[in-house]
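Beneath this line is the structure, given in structure tokens, with notes to follow.
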Amino acid sequence: MRQLLASLLRAPFSAARLYLFFASLMVVISVFFTPEGMTPDEGPHFFRAIQVSQGELTGMRKGNQSGGMIPSSVLPALISTVDLIGHPERHFSITSFDQASHIPWSQTYDFIDFSNVAIYAPGGYLPEALAIRISRLTGLSVLQTFYVARLTNGFVTILLCTAAIALSRRGTAWLLVLASLPMTLNLAGSCSHDGILIGLAALAAAILTRHTAASRWSTGNWLGLSALFALLAMAKPPLLLAALLPAAFARRTALRPLLPFTLSLLATAVWYICGIAPFKVQFLAQTGVSDSGQIRWMLLHPLKTLAVTLHTLALYAPAFACQMIGRLGWLDTPLSKQFYVLTALVLVLAFLSGALWKGAAPARQERRSVLATLAIVAASSLGIMLSLYVIWSPVGSDVISGIQGRYFLPLLPFCALLLPAMPQAGRLAPGLARHQISVALLAVFLSIDAVTLGHALLARFW
């Protein structure tokens, strides 16, 4: 027995397998414990995925609305939970669910307005769209298809994140904790494309952790990395700046590291011309919101714009942090204060883990690369905030409206590039014993994580 135990301990515990187990459990919990439509904008995201599954890559404009032609039976199948939004005292009705679960896909179509989602690029919806297409062909009902789409999104996301954890040479613990946050996995187990985007960002970051100035990657490798960044930038244009990160790790004379940014810029420009500009409608015009008016105001008042950004952060930074960790439902399902504190502590320890271990210090990141990464992540975060200032905030408002902490989750994996390199991919710490201890401690955290997620969803909706 002792020999068996000793041999098991000599083999490194797999952080990727640990994540895969707990993330799979948490995705299943999210999929089946969260009523349909009870993550932000999940209905519109499902409509957009249906649209893509029908071969319609762009939205459709109808007057001052933007959306698409969706089977008439979809809305009645999903509408039974609308009265739960913003009402934590209300709970899910099994009777309504049972009635809705038998509604089939209709052969008639209606125009449905989902203006805030219709302009999103189709890339992040492809797995879900394929699942919807197959489900319709096999005769599943609308609601059954909805849950198949959720499961597809969830498992594609965790496979992307698992690959990232297995490949990463820097910040593996950081990536693992980010990928296991209740918010991350609740988004993954929904019909939103946000989980897929977080997974793509984690994989792109993990691949970059393997790159150094001396690396000699083939053009094919660079094109693959470019595809990841292009998918991110087309879905969320402020993430375009993240495609500059490969150039920060390359020799100054190298040109191929510029491929991710160049191709992402081209793809984003094409999508803007074909998929955004023709279908973008003005949001909340009656409240003083004007995209063009806000842009003019920002250009005339750059210092005031910066002051508005700082003022917004001063007011809401703690709320954004809690939302990133997990404020579920339509931001009406908080987790316990103790869990927020614990998760914040684990995130800090995961980020600093390379510096905390004494002896056998791993290779530090170059100062130039650290500064470039910090600048790009900060600029991308600012881009996210200012884009929301343009499309959701009244002209000249003293605070930015519409920001949610989850919007920053696709950026955080790139902070792994700041951290020291480990001797082997997928390692949490230098040295076998330290790695084993780290994996064991993370297993304890992930157990708490899964229980917290399940309890929060059960208490809120059931």
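A Cβ is built for glycine as well, from the same backbone N, Cα and C atoms used for every other residue.
Pulled from TrEMBL:
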- 12-33: transmembrane segment (TRANSMEM)
- 147-166: transmembrane segment (TRANSMEM)
- 173-189: transmembrane segment (TRANSMEM)
- 225-249: transmembrane segment (TRANSMEM)
- 261-285: transmembrane segment (TRANSMEM)
- 338-357: transmembrane segment (TRANSMEM)
- 369-392: transmembrane segment (TRANSMEM)
- 407-425: transmembrane segment (TRANSMEM)
- 437-458: transmembrane segment (TRANSMEM)
When you scan the chain for residues with a C-beta under 8 Å from the transmembrane segment (369-392), skipping those not six or more beyond its ends, what do you find?
236-239, 241-242, 244-245, 248-249, 283-284, 289, 291, 294-295, 298, 305, 308-309, 312, 400-403, 407-408, 411, 414-415, 417-418
Maximum Cβ pairs under 8 Å to the transmembrane segment (437-458) - stretch from the list 173-189, 225-249, 261-285, 338-357, 407-425:
173-189
Verify whether three or more Cβ pairs under 8 angstroms connect the transmembrane segment (261-285) with the transmembrane segment (338-357), leaving out any pair fewer than 6 apart in sequence.
no
